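Pulled from TrEMBL, these are the features on record:
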- A:6-39: transmembrane segment (TRANSMEM)
- A:51-71: transmembrane segment (TRANSMEM)
- A:77-98: transmembrane segment (TRANSMEM)
- A:105-122: transmembrane segment (TRANSMEM)
- A:149-167: transmembrane segment (TRANSMEM)
- A:196-216: transmembrane segment (TRANSMEM)
- A:228-245: transmembrane segment (TRANSMEM)
- A:275-293: transmembrane segment (TRANSMEM)
Amino acid sequence: MNSKNIILILLAIALVFPLFAGPYFVNVLTTIFVFLALSLSWDMMLRTGQLSFGTAAFFGLGAYASAITVLKLGWNPLFSIVIGGLFAGLISYILGYAVLKLREIYFSITTLAITSVFSVIIRNMSDLTGGAGGATFKSAIFNGDPTKIYYLLLFLTLVVIGISEWFKRSKIHFAINSIRNDEVTAKSSGIDVFKYLLLVFVITSIIQGVIGAVYAQQYAFVEPESTFSLNFLLLPIAMALVGGIYSTNGPIIGAFILGIISEYLKLIIPYGHLIVYGLIIVIVVLYMPSGIYKTVKGKMLTNNGRRESYDHT
Amino acid sequence: MTTLKTDNIVKKFGGLTAVNKLSFSVDKGEILGIIGPNGAGKTTVINLIAGTLPVSEGKIYFSETDVTNKAPHIRNQMGIARTFQTVRPLKDFTAIENIMVGSLFGQKKDLKAGREYAEEIAQLLNFKNINKPIDELTVLELKKIEIGRALASKPDLLFLDEVMAGLNSEEIWELIEIVRKLQQQEMAICVVEHIMKVVKELTSNVVVLENGQIIAEGPYEEVSADEQVIAAYLGEDY
């Protein structure tokens with residue numbers, strides 16, 4: 001069975017899933033999609049060599065932009081999701097001129113600081129944002145219908161996967177991989193380093209903004225503490241690390257494995273499931289540093305190689 | 001036609017003047033040798049002309065255009081390419097992909113045309129293992145990748161920064177033949193080199209640097225007989 005067939009089968013399962021699964025499982029999968037998209041967007045930025053801690057910042061920004069357009073302007077929630085993405089993209093474009101001049105730990109720390117700064121600003125603009133207490137919507141998007149929300153997030157996740165593959169198969173792959181490997185070589189070979197960093201930073205911020213907007217509309221609620229929660233940074237990073245960085249498949253596999261495990265652990269160990277969850281991450285990172293996807297793929301390749309060499313003798 | 005002309009370029013690192021009022025030029029189809037003892041400022045000169053470092057003073061003209069304030073990637077797209085003294089391959093790419101980076105961005109080709117051009121370059125360099133990962137390549141192959149990536153941007157001006165260092169004499173001859181082929185394509189080439197045999201074989205003119213200044217220039221035979229040059233290389237006592 002080749003990979004194209006596997007993708008088609010998985011896609012078919014994802015499309016019919018809500019028809020035979022109950023709302024609980026539909027919800028679990030919907031949450032996995034949220035973190036999958038964030039994880040992929042974080043990985044796309046990492047492919048340029050920049051370790052961003054700003055995932056939650058643009059997630060929260062998108063959530064608030066969407067909330068305000070619905071609450072204050074009374075716009076359509078679906079349209080407000082577009083606004084959430086565009087607003088996150090615009091802010092990342094402006095901030096990019098400052099933060100993308102920074103490298104390594106300085107870039108990482110600054111993006112983390114941006115998250116706190118956004119959260120503080122939102123908290124203090126209480127007229128517009130509802131302040132520290134947050135704001136509640138009259139109703140969730142699609143009146144809270146889990147199936148419709150599922151399909152919306154499935155669609156968005158597929159778009160994000162598509163963007164990730166476009167990165168992999170176009171000149172962008174060559175540009176950002178070169179920048180990660182050796183920026184001086186990249187510059188000397190005609191690559192406009194800043195332009196590509198800005199492009200990836202803005203695209204990944206738009207993704208984070210859109211996902212944040214959907215999340216806000218799904219739960220009909222925004223609040224500085226939980227909307228800018230570091231969960232939207234740390235879980236996506238853990239998923240990409242467990243699945244395997246610098247790839248599309250790695251974060252997908254990581255999101256499903258960790259997403260399903262965390263749900264299961266919540267059921268069997270309601271108190272302390274996070275400890276087991278953390279242990280799993282530590283073990284995978286220690287024993288499979290290149291992630292599950294590349295480790296398994298590497299094993300399969302060497303097994304095939306051995307079989308072939310046996311055939312020759 | 002003059003491909004490169006520098007006009008009194010100066011580079012200061014704090015109190016240290018690494019390059020001091022340097023003026024020289026290279027013509028189309030010329031191979032210029034840049035020699036000098038360690039720390040003379042040879043690599044700094046390449047960095048200034050390629051744009052990796054900004055000049056403190058002076059002007060750089062490439063094909064009669066002032067490129068002094070242009071970004072390095074723009075200069076590469078205009079036709080200035082360089083190799084690095086210590087090879088700087090892109091480790092997550094295969095050999096051919098490393099070369100492709102030059103054609104994709106230096107020449108702005110699309111993926112298909114970029115690969116085809118890179119394969120032509122690999123052939124010119126007599127490079128066989130084009131699909132090997134970087135960590136399986138020999139020293140000679142890494143040097144060829146370095147040259148190949150520079151060539152793939154189709155430069156009019158090429159800097160070779162000690163590409164022969166660390167190679168045996170058979171390998172050196174192979175590279176000398178390749179550089180001669182490039183000269184026939186009317187490229188202007190600057191060779192920074194410590195191996196005098198290479199300088200003698202390849203270059204028509206030589207510039208000798210010491211402490212960031214030109215202490216002698218002219219054909220190799222003349223320069224190598226110059227007392228000041230011998231003193232700079234071997235010390236006053238010889």
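Count begins at 1; order follows the chain as displayed.
Note: Cβ is positioned from N, Cα and C throughout, glycine not excepted.
Across A:51-71, A:77-98, A:149-167, A:228-245, A:275-293, stretch A:51-71 shows the highest tally of CB pairs under 8 A with the transmembrane segment (A:105-122).
Comparing A:51-71, A:149-167, A:196-216, A:275-293 for CB pairs under 8 angstroms to the transmembrane segment (A:6-39), the maximum falls on A:149-167. No contact links the transmembrane segment (A:77-98) to the transmembrane segment (A:149-167), because fewer than 3 Cβ pairs that are 6 or more residues apart lie under 8 A. By number of Cβ pairs under 8 Å, the transmembrane segment (A:196-216) is matched best by A:51-71 from the list A:51-71, A:228-245, A:275-293.
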